[in-house]
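Scroll down for the structure; my scribbles are underneath it.
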Amino acid sequence: MLDMIRWFASTQIRNVAVLAGNIATASPISDMNPVLLALGASVLLASAGAPPREVPVRDFFKSYRVVDMLPSEVIAAVKVPSPPPGAFEFVKSFKQAKRRDDDISIAGALRTVSTGFGGMAPTTVRASRMEAVLEGAAFCEASFERARAALAEDLALPESVPGGMAAYRQTLTASFLFKFYVGVCLDLATLTSQQAGLPPAPPVSPSDALACRNFLSEDRPLSHGCQSYVVPSGGLQQSQVAGGKDHAPSAESERAPVGQPLVHRSALDQCTGEAKYVDDMPQQRDTLQSVFVMSDRPHARLLSVDTSAAEALPGVVRVFTAADLSEHENAIGPVLHDEQLFRCKEVTSTGQPIGLVVAETLEAAERGARLVKVTYEDLPPIITIEDAIKATNYHAKSDHLKIEDGDVDAAFALPDTVIVEGEIRLGGQEHFYLECNAALAVPGEGDELTVHVSSQTPMKTQKFAAHVCGISYSKVVCRMKRMGGGFGGKETRTVPVSSAVALAAHRLKRPVKISLDRDIDMWFTGTRHPFLGRYRAGAGPDGKLRALDLKLYCNAGHSLDLSEPVMGRALLHCDNSYKIPNVRAQGFICMTNTASNTAFRGFGGPQGLLVCEAYMEHLASALHVGTDELRARNLYAFEGDQTHFVQLMERCPLQRMWRELAESSELARRSEEVRQFNKANKWRKRGIAQVPTKFGISFTAKFMNQAGALVHVYTDGTVLVTHGGTEMGQGLHTKMMQVTARAFGIPYENVDIRETATDTVPNSSPTAASASSDLYGMAILNACEQIKGRLKPYLEKSNGDWKSGVTAAYFDRCDLSAHGFYATDGIGYDWTKSPAERGKPFHYFTFGAACTEVEIDVLTGDMRILRADILMDVGNSLNPSIDIGQIEGAFTQGVGWTMMEETVWGSSEHPWLKPGVCFTRGPGNYKIPSFNDVPVDMRVTLVKDSANPNAIHSSRAIGEPPFFLGASAFLAARQAIASAREDAGHPAFEHFIVDSPLTPERIRIARPPCCSSAA
C-alpha cells in the first residue's frame, strides 16, 4: 500500500486528501481500491445513532461509482487482515499511466491469494478464473502460463470499451502478472537463502530479473543539470533604419545590461501570486458575467435556437445569438472570414458558440446557458485526415502549396538509388497555457470601447471587436498587461472570446466579462495541427540523399484559420538540416468537423521536421547504417548549399555543432554502453539519438515583418517603453528593457514597460514566429537613436550625466519622446509564383542539436529520459538566463508532443466515443510533462563565437527553434523499441512504423510478444 500511495496523484493532493475519500468515490481506475480488494480488506462504516457495520471491499463496490454506503454514513476505518501465523504472503502492486506524477491508472493489478484489477470494468474487479487456476497449483512458470490464459478470459475487453486502449490494457494485465511472478521468485529465492525448509524458488534468468522492476518503485535521482554560456561583447547595436544596409557590428565592446543573465522582471510577482491577469482585474459594480452556449453536434443543421427559458431566468440580462448581428458582422476569421461569431444555419464542430448568455452573476449565466434549447438535424461528419482524404474535403486555398526543386523522377530512376516509401501520423497538441482565455470589455462614451484581453494579437482583438460592433477601429482600445502563457493558442482563437463580450458590452452599455473554464477552453480553441506525412525518399549507396517526393496532410478543423501558413512552414522545413538536391513536396489542408486548429510553437515547422526524421530512419534501415551516421553525412555545409526553397545557407554551423555535441555528450562511448545494456536486458531497453534542427526566422507573410515602439524619457531620467509585442512569460519585456538601457547607457532598473495597447503602438503584428525580439528590439533602438540624437548636445554640456542632460533638454523644450519603426529588409515569399521567383522566406536560421538517452520498460511501455545534452546557437544572447529557460521549456514541451500528449476525438479510431466528441478536455484525460518526465540529467550549452549579423545585438531568435529537439527522446525510444523487436525475432535494421505521440501504449504494442508469460 505504501508503494502505491507513493505514486497516488501528486504530492500536493496527498497532502490534503484522505484514503477514505478515494475509496468512497468508487472510481474504476482508482490506484488504491485494487490493492484493498486483493488484500481482502473491509471498510468500517459509521453513522450517528446507528451501530457501525463492516463491509468487505469485494462487496462495497456495487456498480459504476455506486457503493454500499448510506448518505448518512462515513468510512471510519479500513481493516486489512494479517496473514496467518507462519505463512508467507507476497504482495505486489503495479500501476501504469500516461505519466508517473499526478495521473490516473490505465490498468492496475495485485496478486496474492486473490487479485484486484482497476481500469478493466465499471468497478474494481477480481480475476476469478485465474485465481481458480492458481489455487493449489505448483508455483512455477507453467502454472502462470495457464493463469495468463485464464486472465485473458477474465478481463476481455471489446474495442468499444470506454477509455479505449483495449489491446493495451489487456496486455498490461498479462505484463503485470509476469512481473509479479518474477518478483515473487526473486523474493522467495532471498527467503530460501535465509531460512531452511522452504521450497526452492523457480529459477529466473538474469535477463528476466529486471522484469519485476518498474520506474514507479525505483528511487529516481533528483533532476539536475548544467547551463554553459559566455557573455560576448560587441554585436549589432544600431537599428536598420539608422544604419542603412551596412549592419557592421559595433566597435564598442560594452553591451551590458544586454547579454547579462538578468531575472525576468515580473518573475517574483508571478511566483508570489501578485502578478495581475484579466481575471484578477478589479471590476466595476455593474460588471456583467457571460457564458457561451456551445454546440454539441459535430455536423448538423440548426433548426432552432430557443432562448426564452434562459431569458426568463432571474439574473439573466440577455442572450445574444446570430440574430443580433448582420451576416457581415457575424463573419469572422483571421485570413478568410469563414467562421461565424455565433453559428446561425449550421454547426460544423462540437464546441462552436451558438450564443452568449449575459447575466448579473456567473451562476445565473451558467444556468441560463443550460436552459437554451437548440434543435438540430444531424449531418454526416468528417473527423480524421483519412476521412477527409477519402472525401477529397480540402480547403481550396491550399492548391498552390507546392515546392519542386531539381529533377525528382530522374534521381529515383538512377539504378543504384535506394528508395523507401512510408508514412507517419503526428498527433495534435493542446496549448495548456496556465491562464485560460479571458476578456473584459468596458464601454466608454458614445461608441468608445476598451477591451482587456489575454491575447498575442492586440490588433486583431481591436479589429474584430470593432467589426462585430459596427464601429471604427479608432473607437476600440485593446489593452494587454500579460498573459499566463500563449504558445500560439492566443494568436487567433482569442478573437471569438473578446469579440463576443465586446458586442455585449457595446449593446448593453455595461462592462461584460468572460473567463473560460479549462474544459471549455480546450474544447473550443483548437490544438497544434495533426499531420499525416506520406513520403518516397531515395539515397545513394554512399548514404547521400538524392530525392524526396512528399505529400503532407494536416487536419485544419472546421475553418481555415492559420492552416495555410502552418502548412507552408511545414513544407519549408521538410528537409530539417539536410541537403536534398531534388525535392517535390505538396501540402493538403483537410477540412474536418473538429475544432479549428491553429498556431502552436513551431507553427508547422516541427511537423515537417519530424516527417523528415521518419524518412531518414527508414533510409537508414534500408542502407543498414546508423541513423546518426546518415544524419551526419547529409548536414548542410557552412557556406554555399541551397535549400529546396532556393534560399542560400550562410554561416551554417550545423556540421561544427554536430561534432561538438557528439564529443561533449560522449555519444560514441554511451552508444556502446547502450548496446551492451540492451544485450544484457530483455525487459529494459535503452536508446540514444542525436538530432539537429534548423528553424527559419521571420513571418512568411512579408507585411507582418514590421514593428513599432514608443519611448518616453522623463525628467528624472527614467524611461517608459511601449511596443507592439506582448508578454506571455517568454521574457520579451525584460529583453526590451535591457536593449533600451544599453542604448541610453542607463541602469536597467531605470527602464519600465507597463503594458501593450493599441492606442500607443497601433497596427502591431502578432507576438509570434519567434521574431518579436528582433522586430521590437530594432524598433526600440530606432526610437532611442532619435532621442539620443536630440540629447547629444545637452549630454556633452553635462559631461555625460544622463539626468542633468535630460533636465537641460526639457527646459530647452527638446522633445523627449520618439516613435520607432522597423521593417525587415530583403524577405518575402510568394507561393503563387514559380519556385525561382518566390523570394526569400527567412531572414536567417536558428540552429540547434540534442543528444538524448532514454530507457523503456518493455512490458508496460513506460519511459524515462536519463540524459539530454542540448547545444543551441543563439548568436550573442540578449539574456542567456531567459534563453536557456526557453530552451529547457521548449525541449520539455517537445517531449510532451512526441511522447505523451494525445488529443482524442470520437472517430473510427476511437469507436467508444460518439463521432466528433472531444475526450481530452482537461487535466484528467490530457497529460503534459510533469517533474518526473524531465531528463534526470539535462545539460544546455550555448554556442560560442557565433554572432548573427542580421539581428538585434547579433542575437538569434529562441522561442520556437529548440522545440523540435524534444523529438530526440522520440527517436531514442524508437531505437530502444528496435532492440526489443530484435529480441522478439525481428531482423536487425527492419523498418517499423511508430506514430507520434509515442505513448506507453504505442511503445508496448510496437514490440510484439516473444514470451508466452509476458504476451
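Glycine too: its Cβ is placed from the backbone N, Cα and C atoms.
As written in TrEMBL, here are the features:
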DOMAIN    1-85  domain 'FAD-binding PCMH-type'
BINDING   F8, D31, K95  FAD binding site
REGION    237-259  region 'Disordered'
BINDING   Q456, F487, R601, A769  Mo-molybdopterin binding site
BINDING   E491, R569, F603, T700  substrate binding site
ACT_SITE  E960  active site, proton acceptor
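The structure, with features from TrEMBL marked on it.
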residue: D31; record: FAD binding site; DSSP class: coil
residue: K95; record: FAD binding site; DSSP class: strand
residue: Q456; record: Mo-molybdopterin binding site; DSSP class: coil
residue: F487; record: Mo-molybdopterin binding site; DSSP class: coil
residue: R601; record: Mo-molybdopterin binding site; DSSP class: coil
residue: T700; record: substrate binding site; DSSP class: coil
residue: A769; record: Mo-molybdopterin binding site; DSSP class: coil
residue: E960; record: active site, proton acceptor; DSSP class: coil
Taking just the CA atoms, what is the gap between F603 (substrate binding site) and A769 (Mo-molybdopterin binding site) in Å?
-> 8
For the Mo-molybdopterin site built from Q456, F487, R601, A769, further residues of that chain with CB within 8 A of the site's CB center = G486, G488, G489, E491, A599, F600, F603, P766, T767, A768, S770, G959, E960
Nearest to R601 (Mo-molybdopterin binding site) by C-alpha distance, among the recorded positions K95, E491, R569, T700, E960, is E960
Those recorded positions from K95, T700, E960 that fall inside 10 A of F487 (Mo-molybdopterin binding site) by CA distance are E960
Around the Cβ of R569 (substrate binding site), the count of other Cβ atoms that are within 10 Å = 28
Expressed in angstrom and rounded to a whole number, the Mo-molybdopterin site built from Q456, F487, R601, A769 spans a maximum Cα-Cα distance of 13
Where the record names E491, R569, F603, T700 as binding substrate, the maximum Cα to Cα distance in Å | 17
Per the 10 Å Cα distance test against R569 (substrate binding site), the recorded positions D31, K95, Q456, E960 reduce to none
Residues sitting within 8 A of the centre of the E491, R569, F603, T700 CB atoms (substrate site), not counting those, run L562, P565, V566, G568, A599, G604, G605, F699, A768, A769
Can you tell me how the residues of the domain 'FAD-binding PCMH-type' (1-85) break down into helix, strand and coil by DSSP?
-> 28 helix, 24 strand, 33 coil
So which recorded positions out of K95, T700, E960 end up within 10 angstroms of A769 (Mo-molybdopterin binding site), measuring C-alpha to C-alpha?
-> T700, E960
When each of the binding-site residues K95, R601 is scored by other CB atoms within 10 A, the minimum falls on R601
Confidence over the domain 'FAD-binding PCMH-type' (1-85), expressed as mean pLDDT on the 0 to 100 scale, is 84
Spatially speaking, which of the recorded positions Q456, E491, T700, E960 is closest to K95 (FAD binding site)? Use C-alpha to C-alpha, please.
-> E960
Since the record lists D31, E491, E960 as recorded positions, which of them has the fewest other Cβ atoms within 10 Å of its Cβ?
-> D31
Give the distance between the Cα atoms of T700 (substrate binding site) and E960 (active site, proton acceptor), rounded to the nearest whole Å.
-> 15
Does anything in the same chain, at least 6 positions from Q456 (Mo-molybdopterin binding site), have a Cβ under 8 Å from its Cβ, and if so what?
-> M483, G486, G488, K490, E491, T494, T726, M728, P766, T767, A768
Distance, D31 (FAD binding site) to E960 (active site, proton acceptor) (CA atoms, angstrom) = 38
